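Chemist: Quick one: the structure is below, questions incoming.
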């Protein structure tokens, strides 16, 4: 019996209130029809899956805002600067799942512990010597570290806390690729101690096992 013939019989059975009898007698044919319809629906969904919006990225008009050729200003408390090239700078990256960043480090500069909630990062050192690492999720919280020299590469898995520290006496430069058009960034200290509005100091006192005066001292600094 063909699928169309079975479907016709099935429709008549419904009309004659003999559905239960038909399912018992023709359960095999009913299963075949169900799987056929599911397969057909799946094929339609796959055929209309979203794809990239364009074949390639047209160069931006203002090269001063989308390039990585100039060093970032590292005159800040942590001694580092991250210059991003993501979908905000190059709209053509939309749906392509990739972005770049340049990280400049002053001597002993730090890119402080942070996470990228939407992307994995691969970092290559161009200049200087970096001490880098990431921490795994609970309950292990295992630390993986490495000292990187020019040409060395390190990967930071998506969502994990990681950092880079320039342990040299000279400036350092690294470039990073991320598996997202906008990987996002959450700097741990800024998020915890510099939230807007501030987190209740009692919460942070308990969480970090610190004196409340220390928490109240730290919060305004972020």
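A Cβ is built for glycine as well, from the same backbone N, Cα and C atoms used for every other residue.
Pulled these features from TrEMBL for this protein:
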BINDING   111, 116, 121  oxalate binding site
BINDING   114, 116, 121, 162  Mn(2+) binding site
DOMAIN    66-216  domain 'Cupin type-1'
Chemist: Cα-Cα separation of residue 114 (Mn(2+) binding site) and residue 121 (oxalate binding site), in Å?
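Modeler: One finds 12 Å between the Cα atoms of these residues.
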Chemist: If you count the C-beta atoms lying within 10 Å of each candidate's C-beta, which of the binding-site residues 114, 116, 162 ends up with the smallest number?
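Modeler: Counting other Cβ atoms within 10 Å of each of the binding-site residues 114, 116, 162, the minimum falls on 114.
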Chemist: Rounded to the nearest angstrom, how far is the Cα of residue 116 (oxalate binding site) from the Cα of residue 162 (Mn(2+) binding site)?
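Modeler: Given the Cα positions, residue 162 (Mn(2+) binding site) is 9 Å from residue 116 (oxalate binding site).
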Chemist: Residues with Cβ closer than 8 Å to the Cβ of residue 121 (oxalate binding site), same chain and 6+ apart in sequence?
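Modeler: When sequence neighbours closer than 6 are ignored, residue 121 (oxalate binding site) has 155, 156, 162, 176, 177, 178, 179, 183 within Cβ distance under 8 Å.
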Chemist: Mean pLDDT across the domain 'Cupin type-1' (66-216), rounded to an integer, is what?
Modeler: 96
Chemist: Can you tell me how many other Cβ atoms are located within 10 Å of the Cβ belonging to residue 111 (oxalate binding site)?
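Modeler: A 10 Å sphere around the Cβ of residue 111 (oxalate binding site) contains 25 other Cβ atoms.
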Chemist: Quick check: which same-chain residues outside 111, 116, 121 lie with their CB within 8 A of the centre of the oxalate site CB atoms?
Modeler: 101, 114, 115, 123, 156, 162, 176, 178, 183, 185
Chemist: Other residues near the Mn(2+) site, CB within 8 A of the CB centroid of 114, 116, 121, 162?
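Modeler: The surrounding set, listed in chain order, is 115, 134, 156, 160, 161, 183, 185.
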